[in-house]
């Protein structure tokens, strides 16, 4: 009886060790198929087969030792590229197609990433997407900065990109907030209008006033230059033929931007 029990215990012990070895081997195999990449400070963990999906590309070259790549302090491959945009590069490798969130506006930057990683398919899809966007007519939107008591005082900004109008509106609010301790009720915002309680005229031009004690926020000229600089940085063109009727953009009551 004891002999049979001991034999069973030995068999169970052997099976347990065998299973442990199998689990350990599976764990090693799993780890060996994974890679951690540090792209511009962002860590991505993916399978090697994902990175080698397309031959003769930058990532395939790293995995197969064709391309030498530096390591970060933790021993991960370091690639000095845009860490946020790499998410879309990796999703392209996983899905075999370009899937971008609604409102994505960084086509040119993503095209540069595709070129760096030598992904011709991704580059072609980005180019195709950008060309379709250029052909799609955009509805002109506007932002009005106005005096509550005198609608003739103020500035209108017209643009064919609604998201850019939102950027300008946020920037104007930020500029105004930075010059005030609080955010007064006299400053009201709607979908397309920023309305101040009073404007005043001074030797230096029209100023935006939010309080009865004439708290200075900024001049309309300052806001015009803010809008123009933002537009140029975002790749818009200023339609000067529309805006220079008064001799100078600074004296114009409307700015028109187009892409």
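First residue shown is number 1, and so on along the chain.
Glycine is treated like the rest: Cβ placed from N, Cα and C.
Residue counts for the domain 'BTB' (33-134) under DSSP, split into helix (H, G, I), strand (E, B) and coil, are 46 helix, 16 strand, 40 coil. Taken from Swiss-Prot, the feature domain 'BTB' covers 33-134.
The region 'Disordered' annotation in Swiss-Prot covers 1-22.
For the domain 'BTB' (33-134), the model's average pLDDT works out to 93.
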